[in-house]
């Protein structure tokens with residue numbers, strides 16, 4: 001074991017084959033699964049946008065959702081870089097739910113490489129770079145989402161790559177590094193705006209370089225100004241455009257806004273739950289959390305303030321803290337919103353591992369904390385995939401019943417679908433578009449015109465009703481709007497919709 005922990009002047013040849021091979025092996029059984037597990041709704045929304053690109057229009061500036069009423073479905077969202085990439089693969093290979101999982105997995109592997117290179121550049125240590133990459137691989141949140149249709153994985157990998165390549169350009173001044181860094185940084189911010197937080201350490205490093213005379217204004221001022229304007233301005237311009245699309249369409253499937261906690265008490269409850277439960281169980285895993293705590297102690301015990309990365313990391317951490325507070329509402333039940341925190345947390349975990357590594361007496365503990373990471377990731381995540389659907393009815397999930405429901409009516413027929421509070425899961429699995437039913441009682445809700453909601457939907461073109469709550473059909477007020485039953489699969493019924501004849 002001593003040799004495993006001591007011979008790290010260069011990266012061992014076995015490291016990447018073992019890491020990527022294990023990563024692939026522990027994901028391979030689940031590549032062909034439809035969206036499943038926590039945040040199924042987010043996966044379905046992403047997949048629906050990708051499928052709409054594939055089937056309707058590949059114009060990346062006009063993303064479309066399924067819950068669209070009788071409109072075109074075009075609405076605003078984060079820049080659909082991931083969705084468009086998946087649609088491009090659909091164009092080449094045909095629609096299959098394995099494709100986005102494989103694409104996300106490949107993107108996540110790129111993120112592991114970028115994480116290793118970034119932490120190695122910051123610390124000058126091959127060992128700490130490897131530990132950070134290992135920790136990122138087995139973050140339960142990353143392990144889960146690294147085969148899910150979630151654009152945050154693309155944004156995270158792009159941010160890690162953009163920051164690392166900027167550091168390379170800072171040292172070597174090669175144009176290719178500059179342009180690749182700018183491209184990845186813009187991609188990260190476009191895909192998820194919060195990943196532009198990597199600009200904080202970049203800004204501090206440049207200020208330090210100015211103080212030390214490393215910046216030559218004639219050579220560097222124009223490229224750096226262009227980098228800052230493009231990296232920030234292009235994403236902000238997109239989000240302004242996206243908000244206009246949302247307002248124009250009235251389709252609000254994607255939220256583009258700051259969402260702090262509703263109150264101090266609620267914020268404290270979310271923070272406490274994040275620290276006590278979400279971080280050790282989901283974001284980091286218990287093994288990496290142990291290394292993180294040791295890293296905090298190690299950093300406290302030695303004068304790290306003189307390290308050239310102290311202030312960049314400190315300011316970066318302040319920026320992350322501000323982001324965390326501004327989005328505190330989203331931190332409840334949305335652990336993937338905390339992915340921007342991982343580079344700093346894993347840096348501290350790598351410091352903790354180096355502290356244990358420096359003392360052979362504690363190598364057993366170091367080995368235990370490292371091995372615990374993939375073990376816990378599998379224990380925490382695999383049951384989410386293996387136990388079958390919990391967030392959608394089984395009739396929508398399994399191929400035979402799903403196909404029967406999809407084929408019950410033409411795909412181009414507008415449908416009223418629900419009850420589905422997400423507004424996207426039923427639509428995605430049914431491969432339908434039209435009007436959403438958030439809760440069962442909404443069918444009978446009065447509209448400003450004085451009619452029930454179902455009548456308004458019919459008047460706007462809804463032809464069929466997919467309903468998983470048949471108790472509503474016994475209500476006399478709804479009977480005039482419901483025609484013959486087209487199909488019944490399990491608990492889900494497909495019915496014709498009609499307007500009652502006008503009174504003479």
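Our numbering is plain: 1 for the first residue shown, then up by one each step along the chain.
Just so you know, glycine gets a Cβ as well, placed from its N, Cα and C.
Annotation source TrEMBL lists transmembrane segment at 14-33 (among others).
The annotation domain 'Glycosyltransferase RgtA/B/C/D-like' is assigned in TrEMBL to 80-238.
The feature transmembrane segment is assigned by TrEMBL to 102-122 (among others).
Outside the transmembrane segment (142-167) by six or more residues, the chain places 23, 26-27, 30-31, 35, 37-39, 42-43, 46-47, 50, 78, 80-83, 85-86, 100-102, 104-105, 107-108, 110-111, 114-115, 117-118, 121-122, 136, 177-178, 180-185, 187-189, 191-192, 195-198, 201-202, 205, 336, 339-340, 342-343, 377-378, 381, 384 with a CB less than 8 A from a CB of the stretch. What TrEMBL lists as transmembrane segment is 142-167 (among others).
Here TrEMBL flags 179-204 (among others) as transmembrane segment. Here the transmembrane segment (179-204) has long-range neighbours at 78-79, 81-82, 151-152, 154-156, 158-159, 161-163, 165-166, 168-169, 227-228, 230-232, 234-235, 238-239, 309, 311-313, 315-316, 318-320, 323, 327, 337, 340, meaning same-chain residues at least 6 beyond its ends whose C-beta is under 8 angstroms from one of its own.
Annotation source TrEMBL lists transmembrane segment at 224-242 (among others). If you look at the transmembrane segment (224-242), the same-chain residues 6 or more away from its ends with a CB under 8 A from one of its CBs are 61, 76-79, 178, 181-182, 185-186, 189-190, 193, 196, 199, 206, 215, 254, 256.
If you look up TrEMBL, you'll see 282-303 (among others) marked as transmembrane segment. For the transmembrane segment (282-303), same-chain residues at least 6 beyond its ends with a Cβ under 8 Å from one of its own Cβ atoms are 131, 135, 138-141, 335, 338, 341-342, 345-356, 368-373, 376-377, 380.
The transmembrane segment annotation in TrEMBL covers 309-326 (among others).
Per TrEMBL, transmembrane segment is recorded for 338-356 (among others).
What TrEMBL records for 362-382 (among others) is transmembrane segment.
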Discussion item. If you average per-residue pLDDT over the domain 'Glycosyltransferase RgtA/B/C/D-like' (80-238), what number do you get?
Written reply: 96
Worksheet, complete the sentence: Comparing 309-326, 338-356, 362-382 for Cβ pairs under 8 Å with the transmembrane segment (14-33), the winner is 362-382
